[in-house]
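All remarks here apply to the structure that follows.
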Amino acid sequence: EGGGGRRAPFLLRALRIAVVVCLYWFTSIAMVFLNKYLLDSPSLRLDAPLFVTFFQCALTAALCLGLSLGAACGPPCAGLPTLRLDPKVSRSVLPLSAVFIGMVTSNNLCLKHVGVAFYNVGRSLTTVFNVLLSYLLLKQTTSLYALLACGVIIGGFWLGVDQEGAEGTLSWTGIFFGILASLCVSLNAIYTKKVLPVVDGSIWRLTFYNNVNACVLFFPLMMLLGEFRTLYHFDKLGSPSFWGMMTLGGVFGFAIGYVTGLQIKFTSPLTHNVSGTAKACAQTVLAVIYFEETKSFLWWTSNLMVLGGSFAYTWVKGLEMRKVQEDPNVRSGERNETGV
């Protein structure tokens, strides 16, 4: 009887994780296709990637505030914290905001320069950066098997770059921003865990502060890159359909921030990265079908290497964590090593 009682919460937890992961997949894939249209559509011809990103951050902050006011009024969103801007908290969140800006901007710039199908491989080095940063920042070593899995990912990345070159669709700018995005995604997961206590563990507060900070930091960047001038000469600035797409992109931008935070909270930064990799596989297949592209066998091989390497890495990590939990000697040994 007790076993059944234990099983029910486990099933509930598994179901909750499954819902969060599905939500993340849908939001993320929809957002990538929408952003590709806003950043690089031949019919739109808008060359202002920072403005697109800035608008999404502004809308996210506004939505957070709106929902928070709604929470103050009645029970439908009563679970949300009331938001007010505290400069001290804002300063504490600033390092994360800088990483966050780097992440969303490099993501969008990578997407602007490469096809949606290659976007997965272009940004596949997140796991590799996780290992590097865990070692450099947290002094955590990685097992040989996990490193081999990283080797497969790097191999897949290089093969993908090679195949894009062979097909004549390679953009080195896109590759550069893809690598930068991978680094920022990895840093973002680490910093999110670090900064959460500052906002009382509230994803809402973190999302709000992050996006308000981002809006302020984007302004000088947009001026520097002359995007205001680009917007002034943009012919669809008065078009309702353009603003409709921008708003939809902003809503998905708001949702992805929240769902990503939720996925990290319910699983772990590692599981979040794997879910992201698996999602990228589905996204690649969808993109190839949607844009009616034909890709070579080696191009698909590079995708499978990236995917296989990421899954192998998670599997190895999962086994290692289970070993630590099961063996009390290992655990006390590890505690001594960390000086706790």
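The backbone N, Cα and C atoms fix where each Cβ goes, and this holds for glycine too.
Any TrEMBL annotation is an automated prediction that lacks curation.
Marked as domain 'Sugar phosphate transporter' by TrEMBL: 16-313. According to TrEMBL, the transmembrane segment annotation covers 14-38, 50-72, 93-111, 117-137, 144-161, 173-191, 203-222, 242-262.
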Contact between the transmembrane segment (117-137) and the transmembrane segment (50-72) (at least 3 Cβ pairs under 8 Å, separation 6+): no
Same-chain residues at least 6 beyond the ends of the transmembrane segment (203-222) whose Cβ lies under 8 Å from its Cβ atoms: 48, 50-51, 53-54, 57-58, 60-61, 64-65, 67-68, 80-81, 83, 85, 89-90, 93-94, 96-98, 100-101, 104, 192, 195-196, 228, 254, 257-258, 261-262, 265
Selection from 14-38, 93-111, 173-191, the stretch that has most Cβ pairs under 8 A to the transmembrane segment (50-72): 93-111
Mean predicted confidence [pLDDT] for the domain 'Sugar phosphate transporter' (16-313): 89
